[in-house]
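The annotation active site, proton acceptor is assigned in Swiss-Prot to His42, Glu69 on the grounds of sequence analysis. Among the features that Swiss-Prot reports, active site, proton donor is placed at His190. Taken from Swiss-Prot, the feature 3-amino-2-oxopropyl phosphate binding site applies to Asn6, Arg17, Gly191, Gly212, His213, supported by sequence analysis. Per Swiss-Prot, the feature 1-deoxy-D-xylulose 5-phosphate binding site maps to Asp8, His9, Arg44, His49, Thr99; the stated evidence is sequence analysis. Residues annotated as site 'Transition state stabilizer' in Swiss-Prot: Glu150.
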Amino acid sequence: MRLAVNVDHIATLRNARNASLPDPVTAAVIAELNGASGIVCHLREDRRHIKDRDLERLREAVTTRLDLEMAMTTEMQHIAIRTKPELITLVPEKREELTTEGGFDIIRHYDTLCRYIKPVQDAGIEVSIFIEPEEEAIERAASAGAEIVELHTGPYSLKKTPAELETELMRIRKAATFARSRGLRVVAGHGLDYFNIVPFRTIEEIEEVSIGHALIARAALVGMETAVRDMLRIIN
């Protein structure tokens, strides 16, 4: 299983003091040097953490795989085509939310999505869609032409009892299996940490996990190098 590191909250910490440090690009390079297979950043419409210049510098620096999380807007489409990350992940976005709160409503926005992703793919960029682990959403992602789905693991991360965790894990496992049967590659992310990630090692269909907050929080205490290596030891 591969690890993609989200560096958004390095930028959050930097922006708290309107400073130049810590630098998300430096964090990304350290993550790559210590085994991360990809770097994730979310250029939100309000630019609350990652800024346009961060994205430009990340594109210059990242040597593995750059995943640009973004809303399905014309502005972001143009930015993606100009910047050319290896991958974009379409996510829902609300200005009042602290973090992404749920999967992309692919059923509601299906027709727009089909038109939206073609110019991106024509530019040589793969498309992933952040969705709930539900068969109908997966089916729509496949028929729209996406290459990848990222399964929303937020509800799983909030479960408390073993029974609740197992129920949600089975839901994710079933969704991952179905997605692979439809020819999609599968990523998982949101709310995963150094403890609740462990059962995901048994879901062979999930090729990568995307982790941000938990890893950056640990990096604040032990350093980015150690935080990345610790996570890689757990997932592999």
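Backbone N, Cα and C define each Cβ position, glycine as well.
When the C-alpha distances from His42 (active site, proton acceptor) to the recorded positions Asp8, His9, His190, His213 are tabulated, the minimum falls on Asp8. Listed binding-site residues: Arg17, His213. The one with the lowest count of other Cβ atoms within 10 Å of its Cβ is Arg17. Within 10 Å of His9 (1-deoxy-D-xylulose 5-phosphate binding site), judged by CA to CA distance, lies none of the recorded positions Glu69, Glu150, His190, Gly191. Between the CA atoms of Asp8 (1-deoxy-D-xylulose 5-phosphate binding site) and Gly212 (3-amino-2-oxopropyl phosphate binding site) there is a gap of 7 Å, rounded to the nearest whole number. Nearest by CA distance to Glu150 (site 'Transition state stabilizer'), out of the recorded positions His49, Glu69, Gly212, is Glu69. Pairwise Cα distances among Asn6, Arg17, Gly191, Gly212, His213, the recorded 3-amino-2-oxopropyl phosphate-binding residues, top out at 26 Å. Recorded residues Gly191 (3-amino-2-oxopropyl phosphate binding site) and His49 (1-deoxy-D-xylulose 5-phosphate binding site) have their alpha carbons 18 Å apart, per Cα-Cα distance. Among the listed recorded positions, namely Asp8, Glu69, Glu150, the Cβ with the most fellow Cβ atoms inside 10 Å is that of Glu150. Taking a C-beta cut-off of under 8 angstroms and a sequence separation of 6 or more, Asn6 (3-amino-2-oxopropyl phosphate binding site) has the following same-chain neighbours: Ile39, Val40, Cys41, His42, Glu69, Gly189, Ser210, Ile211, Gly212, His213, Leu215, Ile216. Following the DSSP three-state reduction, the secondary structure of Glu150 (site 'Transition state stabilizer') is strand. Note: the CA-CA distance between His49 (1-deoxy-D-xylulose 5-phosphate binding site) and Arg17 (3-amino-2-oxopropyl phosphate binding site) rounds to 12 Å.
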